[in-house]
Each structure stands twice: as structure tokens, then as C-alpha cells.
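These notes are about the structure you will find just below.
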Amino acid sequence: MSSFDAQSFYLAGLVPNNYMQPRTNSITAPDSTAKLPSQPIDFVYSIPPSVTRLLTYCTPAIHFLFYLLKLTTWQTRNASESVLFLAAWWLVCLWLREILVYGTTWALVTWMAWTWIQRSKRERLGKPMPAPSATSSADLNRALAELEVIVDHVGVFHRALAALLARLDWSDPAETHLILNVALYTYLPWLLLSYLVPLRCMILAAGSLLICWSSPWMRVIRLAIARSPVMRYLGEITLGAIISLGAPRTWRALPTRQFSVRAFIQRAREEQRRMMGGGGGRRSTWGFQTGDGKQEEANKSATTTVPKVKETDLIFRFVMYENQRWWLGLDWTNNLLPSERLPWTDEYGEPTPSKSRFTLPPLTHTTTPHPTDPTLQIRKTMAWSWADPDWWLDVEGDVDKEGWEYGQGGWKQFSSKTGVNAFVRRRKWVRAARLEEREEEISTEVTQEVENLVVEKSESTKGGGENKDESDRGVMFHEEPESQENGSAWTSAAKIRDEGYLKRRETRKATVS
């Protein structure tokens, strides 16, 4: 197996040794999805030693970052740990100088005293000194699982940062101009705020808000604010006032609603009376469409049935070399000597399929329990798709017009010029692929229904039934398409939660009974 095949499988989260095994779909192997955070990897044979050593050195830092992430997201076993973390943040922000000046030395002395006490106790009891800690494959797989969770959160931050930078790079001049005007208008209030409030207090408030953002009570508060008509009306007024600062003067002259405290209280009472009376379907007194009760119930049901989906992608470049040898009377051909490399190799000389037979890794699914909600599961789907329409020649470097570079005296020294000793040549083919990772929260009941459907389909297939309607074809959600040249592999998993199929299945059951 080629090295870039191994790299692609490492990016896809697969075991490279399983690539050469026969494909199995969900009908023949319904339990193929692992319950672990990721499939275990054999670090002795699959991963280079340098990568394993680097991961071993970084394991304590990964564990610390994962625990810090759990504290920030309030996913620890005891919520008091996050409360203590908040208190530690306040302590560091308020007394950072005192901690650095007076606490550093005493912390070092305390650590040395503790190790001396432990050493003396072991010598007194006759116990041997502890051996240096060794890292096993299970520890490294655990570190990889924690690193995967960290990467997911970093991906969310990266997408938010990319969206913010897209608003500032003048790709949309009107939006960037508006943000520039708002930044200039809010500069003086920011200076006044920084003059009245110390900087460490602002850092303390920002960090406390970030830590408490995912806490249970903060979620309730955010949900209450989002559903409060009063707070939404105040948000409309504030946002309109800020945006109007950067708007042209002709826009400001347009007729707008006048704001007064009395009118605001009257509108609040009318909105409360309307909500208590169950009215709907008309335009709210706040000035935005509220929708009728049926639509709201439909939206609620949609939010409860449609899972939360997160999508990330990674661009990976595949490189292969086309090798040829010159023969007297035959010119340049793909027939090489048995001791040489094959006609198609990767960057390290390992054999690979030709560019016409090269295929991407298959679609993979991984289902893991939800960290906080036992009724949900996290389903990760990884699929490769081509980012480039076809393979293209890399003509950069010391190559000729067709991309060939000729080896002088073997496969070592290459140049764009042929000669008497140039009996071999090669050229570089490149094609980019996109690894799309889709993470969604699905209900445990839906997963059980799909597993039951898979078992029933497997039994019907073993029984030799020939009557298959079109609705039964949506069961094979693990089936890989024959070719991924012109599209993505997401469509093969699109019918997992097909409610129409479930209804037809219930109808057939009722008819049979």
C-alpha cells in the first residue's frame, strides 16, 4: 500500500490495513460502527515512529486541554468543578501580580517538599521508586479521541473567524463599509469605557461570560431572552440605532416609529395579553411577523426532529508519478525493469494505482453516545470527494513542456534535459480531494429503528425474496457508490431517517396483522 494511501486513511480516521479488505455494507455487518470515539489504530505498524513519539510527548497537554474544554462547556461529572474554575479565573484576574510575585516561589517550594515527603515515605516502607510512566496504544487512542473533540471545537471557532474575516475583506463593499462606520462611531464610547472601567475588570467580565455561556442557568436565560418579545423589541431598536450610524443621511430621513416609554409599556401589555389569549397569525405590535400557532408548533416539531448538523472539510492533495523507461526501437514506454519501481508510484516511490483506476477511500460512519444527553447519539460521517475535476500535470520546477523530468544515471538526479545517460523519466500528476466530515445528533430511537430495518432486510435477503419495492431500496445506507468522480458520497446516507419509509413500513405491518 502506498504512503499517501496511508496518509489519506489517517486523515479519514480509518485503519490503513483494513483498506485492502473486502467491502461490507450494513446488511452483512450491521454492527460495523464502533461505539468508541474513534476506531483504534495500531501505532506500531500504521503510524510513523516520529508521529507516535510526538503524540506521546503531547499527551499531557491534550489531556489538559480536553479537561479545560470540559470545564468551559460544563460537561464534567460535577458542576462544582466549573464553578471552581470560574472562581480561579476571578482570582487570576484580580490578583495576577500578587500571584506571580509571591506565589511562584512558594508553589515551587511546596512541590519540592511534597516530593521529598513521598520519597522519604517510600524509603521508610521499603517500596521501590516508581518506574517512568510508559504509554500504551490505549492511551494514545484515548489522546486521539480527546484530540478529535478539541479539533471539532476549533473547527467551530475557525468557521466563525472565517465568516468574520469575510465581512472585513471588502468582498461585500457595502457590508464592510457599514462595519467600518460602526467601528469609528463606537470608538469614542470605547475610550470612555476603558477610562472608567479598569482593563482587568473588562477581561474578567468577558472571561466570566465565556465560561458561563454553556452553563445550565445561562442556557435558560438565553432561551428566555430569545423568546421574550420585549427583549427582541429592544434588540431591534438597539441594532437599528447602531446600523443607522453608518447609513446615508437620505436613509435616516425615512419615516420610522417614534419611541417613548409610555408607548413601549402599552405595547408590552398588548403583547402579553395577546400571548396569554393564544392569538396568532397576525402582525405583532412589535412590528414583526409572529406566525400562527400551527406554524409555531410545526417549527417546534421540526427543531425536535431535525438533528443538529456540523460540517467540516479538509483539502488533501494526492500526488503520483508516471514513470517510463527508454528502450531501443520502442522509444519511451511504461515497461520498466523488474528491479525498478512500477509505472505509477507516489512521492516516496511506493506503488499506487494508475490515475484512471485510483479511487478515494469509502464512506465511513461512526456512532458514539452523546456526552450529556443519554437519549441522543452523535453520528459522524466521513466522505471523500474530488475537489479537482481531473488530474493535472505539475509543470513547475525543472521539467520540460510536457512535465517530464529525466533521470541522469538512474532515479536520482532529474533535470528537464535529456541526454545519453537519461534512460528514465517521470512526470508529476496532482489532484486535490476534499474530506467532508458531517457530525449530527440523532435520537437513539431512530438508530434502533434503522438497526431493526437492517436486520429485517437481512433476513428477507437470506430468505431469497425476489419482490422488492422501491421503498426497500433506501435501507442500504452504507452502500458506496461505484464512482465518486463527479460528486460527493453524502447521498448514500440521505435515507437513514426517511419518515415516509417508516410510515410505509408501519402500514405494511398493520396490513399483515
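Residue numbers in this text run from 1 along the chain shown.
For all residues, glycine too, the Cβ spot is worked out from N, Cα and C.
Cβ atoms under 8 Å from those of the transmembrane segment (83-114) belong to residues 71-72, 200-201, 203-204, 207-208, 211-212 of the same chain, restricted to positions at least 6 beyond its ends. Here TrEMBL flags 83-114 (among others) as transmembrane segment.
What TrEMBL records for 187-212 (among others) is transmembrane segment. Cβ atoms under 8 Å from those of the transmembrane segment (187-212) belong to residues 71-72, 82, 85-86, 89-90, 93-94, 96, 218 of the same chain, restricted to positions at least 6 beyond its ends.
The region 'Disordered' annotation in TrEMBL covers 274-304 (among others).
In this model, the domain 'Peroxin/Ferlin' (313-394) carries an average pLDDT of 85. For 313-394 (among others), the entry in TrEMBL reads domain 'Peroxin/Ferlin'.
The region 'Disordered' annotation in TrEMBL covers 353-373 (among others).
What TrEMBL lists as compositional bias 'Low complexity' is 359-373.
Listed as Cβ neighbours of the domain 'Peroxin/Ferlin' (403-436) (distance under 8 Å, sequence separation of 6 or more from its ends, same chain) are residues 8, 11-12, 311-326, 332, 336, 340-341, 349, 355, 360, 382-388, 390-395, 397, 488, 490. For 403-436 (among others), the entry in TrEMBL reads domain 'Peroxin/Ferlin'.
If you look up TrEMBL, you'll see 456-481 (among others) marked as compositional bias 'Basic and acidic residues'.
Per TrEMBL, region 'Disordered' is recorded for 456-513 (among others).
Among the features that TrEMBL reports, compositional bias 'Basic and acidic residues' is placed at 495-504 (among others).
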With DSSP, how much of the domain 'Peroxin/Ferlin' (313-394) is helix, how much strand and how much coil, in residues?
0 helix, 40 strand, 42 coil
